[in-house]
Number of protein chains: 4
Amino acid sequence: MFVLVNLKAYPCDPVAVAEAAADVAAETDTTIAVAPQAADLAAVAETGATTYAQDVSPVEHGSHTGSTLAERAAANGATGTLLNHSECRRKLADIDAGLDAAERADLDTVVCANNPEQIAAAAALGPDAVAVEPPELIGTGTPVSQADPDIVEDAVAAAEAVDPSVDVYCGAGISTGDDLEAAGDLGATGVLLASGVAKADDPRAALEDLVAPLA
Amino acid sequence: MFVLVNLKAYPCDPVAVAEAAADVAAETDTTIAVAPQAADLAAVAETGATTYAQDVSPVEHGSHTGSTLAERAAANGATGTLLNHSECRRKLADIDAGLDAAERADLDTVVCANNPEQIAAAAALGPDAVAVEPPELIGTGTPVSQADPDIVEDAVAAAEAVDPSVDVYCGAGISTGDDLEAAGDLGATGVLLASGVAKADDPRAALEDLVAPLA
Amino acid sequence: MFVLVNLKAYPCDPVAVAEAAADVAAETDTTIAVAPQAADLAAVAETGATTYAQDVSPVEHGSHTGSTLAERAAANGATGTLLNHSECRRKLADIDAGLDAAERADLDTVVCANNPEQIAAAAALGPDAVAVEPPELIGTGTPVSQADPDIVEDAVAAAEAVDPSVDVYCGAGISTGDDLEAAGDLGATGVLLASGVAKADDPRAALEDLVAPLA
Amino acid sequence: MFVLVNLKAYPCDPVAVAEAAADVAAETDTTIAVAPQAADLAAVAETGATTYAQDVSPVEHGSHTGSTLAERAAANGATGTLLNHSECRRKLADIDAGLDAAERADLDTVVCANNPEQIAAAAALGPDAVAVEPPELIGTGTPVSQADPDIVEDAVAAAEAVDPSVDVYCGAGISTGDDLEAAGDLGATGVLLASGVAKADDPRAALEDLVAPLA
């Protein structure tokens, strides 16, 4: 099972969360990736945690001020990236170009989308994984696996029909081990979460609870 | 064969082009749609020409200033719309929502994309048609069917694999009857063009030449 | 006093609102402009009402699919345009280019902004008018002149300091004659409103009530 | 004189450029700021060079995936930021909110703009500095001070009229000490450059040549 903790722009300590993620991942058979602000990639990667960018720009080396160049994310320790998160939606052509950029920099890719149709579209672009996250559930604490289990099963089927090699993750409202188990039962091979860990009083305890079913 | 003439923001007379399109379409077994500026939709539709919007916004009725509401495009005579033209690229989620908006307003939909991967993604969203237009060929006068025939065949195959009910058009550099015939030979069932007609000294003659192989 | 009724993407009859606006304006010493969807500009202008675009694109004639070309807005009867409405925010450089486009097409211009600092910035670009509309009050029914009178007075002062020839309007929550009078007392020479008229059961009665203090 | 070296997404070694900048700045009475990719901020700041972000997002702490949070730029060593570079143009409201974000994080601010009107608008938002960079000259090697000296003098006058406390820099085509001196003669108190240093075979020599007139 793959777990991605998106730190967004939360006022958490990215290194503390990353250290907890590295420790908890080592104790279980789980990959726990941490996606900090771009400026924090190097510090997060130094903890030994799997490190993801929150986004990379659809550009190559060149005159692109304010971009997040995949090559510099990788040079600072990222081994993967989210693309098209619902808070960072991209044009179709730019998701495609972002995947090209990630491939050049040898980053794993997770393309987010809202519903099974968009999941199929995202899968057609050839990422390593897609993640279905109904925007209306993000940050609610109500897990998608409970609020709308069909959307996860339909997303798994939609991606499978387009490209069976693409992994399907789910997100939105995930915070407990039960949520993670339910996601797996619906066919997801990974989960995305954010506030459930990043805003927890004790991120390590939150992560331990999350992956307990995998121990 | 479906022919769409995109008037973009060209300084042409939209009504004159539409009248020519209506006449030439009537003389052949062809649908010739004209896509004017939104402000010109009603005048173009009044000519009897098939009328398309250049884009519709991913919104429903509500507080959306500066939008192009699908319902108002339809009320002014549009029966179809382009979406995600390379000069009007949209976020993946907004192409999806634009398709929903078009469906509510009973508009036919043509989603543009740059390459076969994006064509597959577009087809997964369930439009009536997709159109492959390599951006580097737009406005060049070199037809895609000649400069890069593989991209058209690959686009046809990519859409077919995702959803065989989706038509595949091609664009970029199309201006003559030979170009149109070549597009058909590669598996396209329609063509998009713009400057070849809209900037022609005699748009009617340009259209007649274009559809001559269909007569 | 200048009154602009923004029809946004509301499900109203744009011609009926425009006819009411034309009649009520004729009965009072007021300009009442109606800003419909671009596709409805011609029908609205035919009523004789002062007609505004909700936005024009920062482009000249050329290859710009999905744009709203100022020249075509004008050709269909618009005599003015909003720019940078809070639901249609533009890049600084594009407000500047939109003003150039409007000037080429001989359209009057109203640039919207959120607060006095942005009003000063907008005024520096040389529009005919600026309009202060705190986003948090739009659509509330609580008029800005009551909820935050200082912001209107500060906006008037900020524009005056940069360019005294620029008119200052205010919007957000305006619906009654009292609101209009209060706006004038704070130094505004016009008001923007939307739902108060466009969503009224009787738009004509709403407009008559609005301009009663001017009769 | 203030010198900012924008590394954009160039394939240079950001640490090597920063070390050169720190050394050359120490040898002269000049501030030489280096603006790397966000992911490289910490490594650049560790060299002792003055470190700028290329952009910060118009957001506070919260759910903002893919943003560049001013607070994290500052925590990783940035002491200033560009905003609204011509390759990273922002909405007027977002420049305003980006300035608020920078102020919260105690970052100095340089707002870029294309022409004197936009410079006046930018100055009205209260940044520490504005920078006039005609987009058509960026990357040309022809300095703005030579190609269009009036635009620099007009920008200085425009900013002065709005807020005399705002510094005015100029950019586009700057690479030599002569260019820097010419910029100063036109009233600029700083220069922005990029390829002239970042793509130089010997960035240190390029910087030494640039600041020679200040020695």
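Including glycine, each Cβ sits where the backbone N, Cα and C put it.
These figures come from a predicted structure and were not determined experimentally.
Following the DSSP three-state reduction, the secondary structure of B:A194 (substrate binding site) is coil. Among the features that TrEMBL reports, substrate binding site is placed at B:N6, B:L7, B:K8, B:I138, B:G173, B:A194, B:S195.
As annotated by TrEMBL, active site, electrophile applies to B:H85. Around B:H85 (active site, electrophile), the same-chain residues six or more apart in sequence whose CB sits under 8 Å from its CB are B:N6, B:Q54, B:D55, B:C112, B:E133, listed in sequence order.
B:E133 (active site, proton acceptor) falls within neither a helix nor a strand when secondary structure is assigned with DSSP, and so counts as coil. Take the CB of B:E133 (active site, proton acceptor) and look out to 10 A: across all protein chains shown you find 25 other CB atoms. The annotation active site, proton acceptor is assigned in TrEMBL to B:E133.
Among the residues B:N6, B:L7, B:K8, B:I138, B:G173, B:A194, B:S195 said to bind substrate, no two Cα atoms are farther apart than 15 Å. Around the Cβ of B:K8 (substrate binding site), a 10 Å sphere holds 27 further Cβ atoms from the protein chains shown. Among the recorded positions B:L7, B:H85, B:E133, B:G173, the ones whose Cβ sits under 8 Å from a Cβ of chain C are, in sequence order, B:H85. Listed in sequence order, the residues of the same chain lying 6 or more apart from B:G173 (substrate binding site) and placing their CB within less than 8 Å of its CB are B:L137, B:I138, B:G139, B:T140, B:G141, B:T142, B:P143, B:V144, B:Q146, B:A147, B:D179. Residues near B:S195 (substrate binding site) in space but far in sequence (CB under 8 A, at least 6 apart, same chain), listed by position: B:Y10, B:G139, B:S175. Under the DSSP three-state reduction, B:N6 (substrate binding site) is assigned to strand. Listed in sequence order, B:V5, B:N6, B:L7, B:K8, B:Y10, B:I138, B:G139 are the same-chain residues six or more apart from B:A194 (substrate binding site) with CB atoms under 8 A from its CB.
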